[in-house]
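Peer 1: Please find one structure pasted underneath; my questions will follow.
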Amino acid sequence: MSGPRSGSGSGGSTGRPGDAESRRSAYEKEAHELTTQVAFLEEEVAMLRRRLSESPRQVRVLEERLAEVQAELSSATGQNDRLVATLREARDQIVTLKEEVDRLAQPPSGYGIFVSRYDDGTVDVFTQGRKLRVTVSPSVDVGSLSPGQEVMLNEALNVVEARSFERQGEIVLLKEVLESGDRALVIGHTDEERVVMLAQPLLDGPIRAGDSLLIEPRSGYAFERVPKSEVEELVLEEVPDIGYEQIGGLKSQIESIRDSVELPFLYKDLYREHQLKPPKGVLLYGPPGCGKTLIAKAVANSLAKKVEAITGQGNGRAFFLNIKGPELLNKFVGETERQIRLVFQRAREKASEGMPVIVFFDEMDSIFRTRGSGVSSDVENTIVPQLLSEIDGVEQLENVIVIGASNREDMIDPAILRPGRLDVKIKVERPDAEAARDIFAKYVVPSLPLYPEDLAEFDGNREATVAAMIQRVVERMYAESEENRFLEVTYANGDKEVLYFKDFNSGAMIENIVARAKKMAVKAHIEGGLKGLRMQYLLAACLDEFKENEDLPNTTNPDDWARISGKKGERIVYIRTLVTGTKGTEAGRSIDTIANTGQYL
């Protein structure tokens, strides 16, 4: 094979030189293409290797970009939500403002008073001085409307809302309820009479002649009963929580007033059987501070307890109308008399309930003075007859009694004091030594803190210690010694008399002495001393109380002062103080005495 191939080759090469060249060129071209492809592939491989090495960083970049885009998206979503909320709020505000504008643009609503209803659904109302028949909105229950009730009207004067009853207007006095039951005759502030309709609240409750009513004058309706403020200020209906056991030194006076007030009420049948009329009134008179008002309060409390025991009901009570005498006086003509009438009208109302009523006039001499004794006015000329007529009117009632208190009974009109009016007269005198011990025992009790030294003196016996304290201070107060001399009075006939502090003692003074001593004990303990009330404090308090009263007799009219203090009899024209001080006995001071007019000047 080599021989022929060589032969043919040598013959070909020598014979076809162009074919070899073309093949070589083809080979070179093919090799170049392959080299180019290899180079391209190598570049591709290198590029792929670079891309492969760079892919984690790109992934991180893409992840970071994705996170940024997500954050921007979340922020855009939040802004969108806020924008939506703002738009919604703005829309609501626009709606509200539109409603407000519409409301403000509406015509004003009116008010009227409902009068009556009809079967066709219409009603009568009183508005702007006119009585109109109008229709009612379906939202209003016509059946629930009451005569006199206030209603709201729209611009077409239709009822659109039911309201409450009127709460302002004028005050009038009820004279009588007319036969129809829904009308009343009233008296205005100018004493003019008119007929008004009664609103539902007054139809539902009892009203009596003399009640104060609130009316709306334009509609002519009365809406409610108004408490009598002018009487409420003068009257205390609550029964005071004071018992007889709290009053000292007045046993005989307490027994007298109990016989006069309690027995007629508690034993009505026996009184009726013996044809015995109960007293209409009681006068308690005597010096100031001796327990007149206290007795009157205790009577009401005791009577309430007795009523509860007899009736067996836990709500048994007695009414105590405490009239503040000077406050009854009024500068307007007829006002004082009117208030007296209202007081007794209140008493009759309470007595009609079957409970005892005590009408207590304190400082009775200030309003019921003897007629004709006035200097600048003659007001007593009408006040006294008004009281007399009211007391005589009490005769028809079983449960009302009048109690008066005064320290100038000589100034009260005699017509009030005669039998048949203030039948029983009880003098509440200044306490003597025995009564003073009883009063001291109400305030100085064994349960108080007692000074250890005083307590040790009686071997720790508290009762004995207290009794000794009381005995010692009473002896000091009532001793007719030089240091207890108070005044020397000269009477119009020339006689002279020495008065001691005991002659001006009272329950109020004893209470004040004990209070002083207790305050001394408190201060001594605060300053580091031993705790407890001691005899020394009581004696010192007694001396301080005496010294405070040194200048009290210095009045323009000594006779008037002496009468108020309980010293009755011959007229006093001169007073000389006898109180012994640090500089000895003071000289008597002359007191100008004016003509005895029987009046305070």
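Backbone N, Cα and C atoms are what each Cβ position is placed from, and that goes for glycine too.
From Swiss-Prot, here are the annotated features:
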REGION    1-31  region 'Disordered'
COMPBIAS  1-15  compositional bias 'Gly residues'
COILED    18-106  coiled coil
COMPBIAS  18-31  compositional bias 'Basic and acidic residues'
BINDING   Gly289, Cys290, Gly291, Lys292, Thr293, Leu294  ATP binding site
Peer 1: What are the DSSP helix, strand and coil residue counts for the compositional bias 'Basic and acidic residues' (18-31)?
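Peer 2: Taking the compositional bias 'Basic and acidic residues' (18-31) as a whole: 14 helix, 0 strand, 0 coil.
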Peer 1: Inside 10 Å of the Cβ of Lys292 (ATP binding site), count up the other Cβ atoms and send me the figure.
Peer 2: 26
Peer 1: Can you list the residues of the same chain, besides Gly289, Cys290, Gly291, Lys292, Thr293, Leu294, whose Cβ falls within 8 Å of the ATP site's Cβ centroid?
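Peer 2: What remains near the Cβ centre is Leu284, Gly286, Pro288, Ile295, Ala405, Val428, Ser506, Gly507, Ala508.
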Peer 1: Fewest other C-beta atoms within 10 angstroms of its own C-beta: which of the binding-site residues Cys290, Leu294 fits that?
Peer 2: Leu294
Peer 1: Please average pLDDT over the coiled coil (18-106) for the predicted structure.
Peer 2: 83
Peer 1: Identify which of the binding-site residues Gly289, Gly291 has its Cβ surrounded by the largest number of other Cβ atoms within 10 Å, counting every protein chain shown.
Peer 2: Gly291
